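Trainee: Annotations per TrEMBL:
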BINDING   A:Cys639, A:Cys645, A:Cys679, A:Cys683  [4Fe-4S] cluster binding site
BINDING   A:Cys683  siroheme binding site
DOMAIN    A:1-283  domain 'FAD/NAD(P)-binding'
DOMAIN    A:318-383  domain 'NADH-rubredoxin oxidoreductase C-terminal'
DOMAIN    A:421-468  domain 'BFD-like [2Fe-2S]-binding'
DOMAIN    A:558-620  domain 'Nitrite/Sulfite reductase ferredoxin-like'
DOMAIN    A:630-755  domain 'Nitrite/sulphite reductase 4Fe-4S'
Amino acid sequence: MKIVIIGNGMVSYKFCEKILSKLPAQAAEIVVFGEEPRPAYDRVHLSEFFAGKTADDLLMAPADWYASNHITLHLGDPVQQIDRSNKTVHSYKGITEAYDYLVIATGSSAFVPPIPGVDKKGVFIYRTIEDLELMRDYAPKAKRGVVIGGGLLGLEAAKALLDLGISDTHVIEFAPRLMPRQIDESGSRILEQQLKQLGLQVHTNKNTSEVLGDETITGLQFADESILEADMLVISAGIKPRDELAKLSGLETGHRGGIVVNEHLQTTDPEIYAIGECALYHGMIYGLVAPGYEMAEVVASHIAGEAQQKTFTGFDMSTKLKLIGVDVASFGDPFVSAETSRSIVFEDTMKGVYKRISITNDGKYLLGGILIGDADAYNMLLQTSKNKVVLPPNPEDVLLGSRGGSQEAGPGVLGLPDDAIICSCESVSKGAICGAVEAGNETLDAVKKCTKAGTCCGGCTPMVKDLITGTMKAQGKYIRNVICEHFAYSRQELYDLIRIKDVRSFDEALDHYGHGDGCEVCKPVVASIMASLWNDMILDKGNDVVQDSNDRFLANIQKGGTYSVVPRIPGGEITPAKLLVIAQVALKYNLYTKITGGQRIDLFGAHLSDLPDIWEELIEAGFESGHAYGKALRTVKSCVGSTWCRFGLHDSVSFAIQIEERYRGLRAPHKIKSAVSGCIRECAEAQSKDFGIIATEKGWNLYVGGNGGSKPQHAILLAADLDSETCIRYIDRFLMFYIKTADPLTRTATWLNKLDGGITYLRNVVINDSLGIAEELDKEMQALVDKYKCEWKEVVESPELRKRFNHFVNAPGAKDPTVKFDNMREQKKAAEWK
Amino acid sequence: MSTAISTNTQTTVEWFYACNVIDVPPNGGVCVKYDDVQIALFRFARRDAWYATQNLCPHRQQMALSRGMTGTHNGEPKVACPFHKKTFSLEDGRCLSDETECSLTTYPVKVENDKVYIGIMQEA
Ligand SMILES: Cc1cc2nc3c(=O)[nH]c(=O)nc-3n(C[C@H](O)[C@H](O)[C@H](O)COP(=O)(O)OP(=O)(O)OC[C@H]3O[C@@H](n4cnc5c(N)ncnc54)[C@H](O)[C@@H]3O)c2cc1C
Ligand code: SF4
Ligand code: FES
């Protein structure tokens with residue numbers, strides 16, 4: 001048997017994979033023609049090309065995969081003709097191949113509307129790696145970017161323009177709302193707001209009539225006479241199925257494009273199949289990868305003559321927008337009419353969240369819905385609607401989560417039937433995943449390898465994880481995050497043991513609770529627990545060598561092996577006299593200076609042996625350690641507040657200083673940042689901090705669990721309108737509870753996300769003392785506060801400790817001769833490493 | 001501990017005095033200067049063992065291993081570089097966390113009368 005495949009895109013590749021697995025080895029001769037210069041790649045994650053992925057990273061499989069499976073692959077060679085009577089195809093490069101079965105998987109191309117001027121320089125489409133390469137090369141010249149098309153792809157392209165550094169980017173949509181096929185008016189409004197915050201301007205109801213400019217684009221002219229200046233345009237107005245070859249060979253195609261197929265994906269010629277984005281089934285083009293994969297499965301099964309013939313009966317077009325930075329998802333039928341269903345809507349314009357679900361009139365089943373701003377529940381809801389899972393008595397719980405704190409919101413992923421599809425890209429059922437776990441695949445990687453679930457878009461990974469834990473729990477296996485091979489305890493367990501047994505050194509901990517010698521994982525964990533519990537000098541009792549390297553030398557190691565020095569500047573307030581001292585020290589020790597994001601000054605490039613001298617001078621002038629090297633409180637940033645600002649409600653600087661001085665030196669599972677803003681304008685960005693405080697008319701609002709960094713997250717309101725004393729008491733409890741219960745190296749945001757019961761639970765612990773530990777938490781924190789000492793002061797005053805700050809043990813004072821600096825803008829910088 | 005080793009290519013070990021035992025923090029490391037060479041010296045106080053390797057981390061060519069954290073992996077002594085936490089065996093110098101990384105040169109160590117000596121191979 002000989003199978004020829006036209007096109008080598010995602011679906012073509014998947015078909016090869018499927019047919020290979022269904023036929024005995026080498027039972028069929030397989031030939032693939034691809035028009036693009038490289039083998040099939042992951043178009044779904046195309047945008048990651050701008051995030052640093054290379055074309056090779058994106059490949060579905062390297063060229064030698066085809067060779068080793070005896071597939072002949074002709075790349076850069078499109079098929080130009082199908083001779084149906086002789087059953088042959090002819091390619092551009094002159095190859096003729098005969099076939100028994102022909103599979104057309106030519107995908108689609110970007111639809112470019114016939115607007116005058118679309119051929120100008122600076123106009124792009126967004127479909128192939130080559131398109132992206134062209135955009136990347138052009139973008140540095142562009143100041144304002146425009147995307148025509150406010151659909152799924154258009155928004156993704158707009159985000160790509162932002163990522164390419166074009167901060168002024170606009171989206172033009174012809175319809176009155178964004179993503180018209182997926183979401184409704186209200187959803188679109190919220191989405192627009194959210195996009196604005198990302199820097200995307202949205203214009204709906206705009207009909208582009210002309211691309212302006214001579215050779216190169218200078219702007220867009222709209223039907224309503226308005227003009228938008230622009231120097232780069234991406235057109236993403238939909239897709240056009242590549243049916244030209246089919247048309248040419250007399251196969252039936254649709255009016256608006258697409259190769260007509262039946263439920264076996266056969267075209268009007270039963271020996272020719274069409275799959276993927278070029279196929280038109282029941283008048284519909286399926287522009288997503290999962291249905292394409294399903295089609296590949298059906299055809300492979302048909303050609304292989306499997307006993308259980310599958311047919312294609314349409315596909316769920318639920319989608320979740322990735323990458324954009326705003327969650328958007330729709331599932332099931334999002335536009336059900338009011339007669340046959342009722343809907344539940346949740347809208348929070350402040351936070352930019354809009355959720356709507358449609359349920360049957362009897363409240364039993366979920367029909368579909370829209371999620372904007374927060375789509376965490378997407379997979380769960382999708383499965384609930386697809387599998388007709390009966391809803392809980394209060395259907396709104398599936399949308400809002402149960403609001404008692406203790407009760408579960410619906411049965412969760414474990415309540416789904418066994419045949420529920422968890423990974424829609426690879427069609428892996430719940431039963432298959434649980435089966436794999438039962439067979440001993442107890443990690444995500446193992447399950448991925450064994451079932452392929454989660455290997456494509458990755459959207460189902462959280463559910464797969466839940467299934468692994470759930471199945472293991474059901475088998476009576478207790479799942480615990482033990483620290484490492486030397487300690488068979490979780491951090492929380494070890495914390496309690498160390499506290500109860502009053503353990504003060506790592507060796508003692510190892511003697512009592514561990515075995516072996518310890519390692520770079522458990523040593524800093526134990527060191528941090530002891531620091532959080534006792535607040536002893538961290539370099540005493542032999543504990544210096546178990547501190548993370550930065551803690552061991554009380555400074556941050558930088559490129560080249562020198563250190564940076566960060567004195568504490570509480571609240572970011574500093575006197576001119578102290579500024580002068582920093583300047584003098586920097587000049588004397590030849591340090592590079594930079595203002596940090598936390599409102600203080602970082603001095604880089606200090607030799608190890610200079611550190612004690614530098615600190616001696618700083619401490620002399622009244623500075624203290626800033627703990628920039630520790631998993632500890634870093635800074636409490638502040639805006640200028642009511643002392644100067646005309647909007648200020650309270651004195652944010654004084655409060656920030658008070659708080660920073662209270663928690664300075666506090667060691668925790670991870671670093672802690674904070675900020676205080678003097679009013680709702682939030683100049684100190686308090687909501688991006690582990691705990692943040694914003695002044696209100698009546699007092700302070702306290703937010704917790706925020707995060708900047710690579711996974712930004714807004715802090716959540718813990719309590720409102722507090723007086724200063726209560727605010728501090730709540731912070732005491734929040735921090736102490738976090739310190740006691742978090743896993744190692746877990747920021748408050750992740751900790752709170754994982755906390756059973758979430759913010760409601762935390763509020764109960766902190767405010768209502770639901771665990772009865774509030775008094776203990778208060779006392780423990782006060783003890784730590786009372787015990788604070790500046791670590792650097794202790795080092796400076798101890799000749800023994802100072803000795804540890806030498807580079808050579810046998811040549812004290814001698815500097816590392818390999819340290820090299822370069823010059824840049826009148827300061828030094830570390831020499832580039834290899 | 002290792003004493004003079006001789007092989008068929010006639011290498012002998014020359015011992016030089018590095019420092020005193022008390023100069024090295026228990027379960028930690030220090031950097032020893034030997035002419036222009038920097039050697040990282042580690043003291044495993046819990047098992048009374050000493051190890052020495054080059055101080056240069058081969059990953060980004062940083063003089064940093066002596067400041068790294070020591071430990072064991074399945075009983076094999078190792079050090080983790082403070083820069084990117086690559087770990088190296090102190091027994092044979094191979095990189096434990098990345099097979100493609102270069103190995104460290106290791107040196108024999110001996111302790112006599114609370115003085116620590118590091119051995120340098122000399123080809124005769
Ligand atoms: C930026 C972007 C983001 C996307 N994001 C998502 C997403 O999040 N989720 C999702 O489900 N889908 C997404 N998609 C859609 C998804 O990529 C497509 O559904 C999928 O690639 C379709 O696969 P295909 O094999 O049918 O077509 P294609 O991947 O387009 O492959 C067809 C191939 O055939 C070649 N070809 C055409 N004619 C010939 C010929 N005559 N001879 C030889 N070769 C020919 C073409 O050059 C092409 O390489 C996205 C698409 C893009 C562009
Ligand atoms: S947050 Fe309010 S008080 Fe503080 S600087 Fe901004 S506007 Fe002024
Ligand atoms: S420099 Fe040592 S691990 Fe990178």
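Numbering starts at 1 and runs along the chain as it is shown here.
Cβ from N, Cα, C; glycine included.
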Trainee: Which number gives the other C-beta atoms within 10 angstroms of the C-beta of A:Cys683 ([4Fe-4S] cluster binding site), all protein chains shown included?
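Mentor: Its Cβ shell of radius 10 Å holds 18 other Cβ atoms.
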Trainee: Ranking A:1-283, A:558-620, A:630-755 by the number of C-beta pairs under 8 Å to the domain 'NADH-rubredoxin oxidoreductase C-terminal' (A:318-383), which range is first?
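Mentor: Stretch with the highest Cβ contact count: A:1-283.
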Trainee: As a test of reading the model: what is the averaged pLDDT for the domain 'NADH-rubredoxin oxidoreductase C-terminal' (A:318-383)?
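Mentor: Mean pLDDT for the domain 'NADH-rubredoxin oxidoreductase C-terminal' (A:318-383): 79.
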Trainee: Which chain neighbours of the [4Fe-4S] cluster site, leaving out A:Cys639, A:Cys645, A:Cys679, A:Cys683, have a Cβ atom within 8 Å of the mean position of the site's Cβ atoms?
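Mentor: Nearby residues not in the site list: A:Val640, A:Gly641, A:Phe647, A:Gly648, A:Ser652, A:Ser677, A:Gly678, A:Arg681, A:Glu682, A:Ala684.
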Trainee: Would you count the other CB atoms within 10 A of the CB of A:Cys679 ([4Fe-4S] cluster binding site), including those on all shown protein chains?
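Mentor: Taking every protein chain into account, the count is 20.
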Trainee: Would you count the other CB atoms within 10 A of the CB of A:Cys645 ([4Fe-4S] cluster binding site), including those on all shown protein chains?
Mentor: 15
Trainee: With DSSP as the reference, give the number of residues of the domain 'BFD-like [2Fe-2S]-binding' (A:421-468) in helix, strand and coil.
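Mentor: Helix, strand, coil within the domain 'BFD-like [2Fe-2S]-binding' (A:421-468): 25 helix, 5 strand, 18 coil.
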Trainee: Provide the number of Cβ atoms within 10 Å of the Cβ of A:Cys639 ([4Fe-4S] cluster binding site), excluding the reference atom itself.
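Mentor: Around the Cβ of A:Cys639 ([4Fe-4S] cluster binding site), 27 other Cβ atoms lie within 10 Å.
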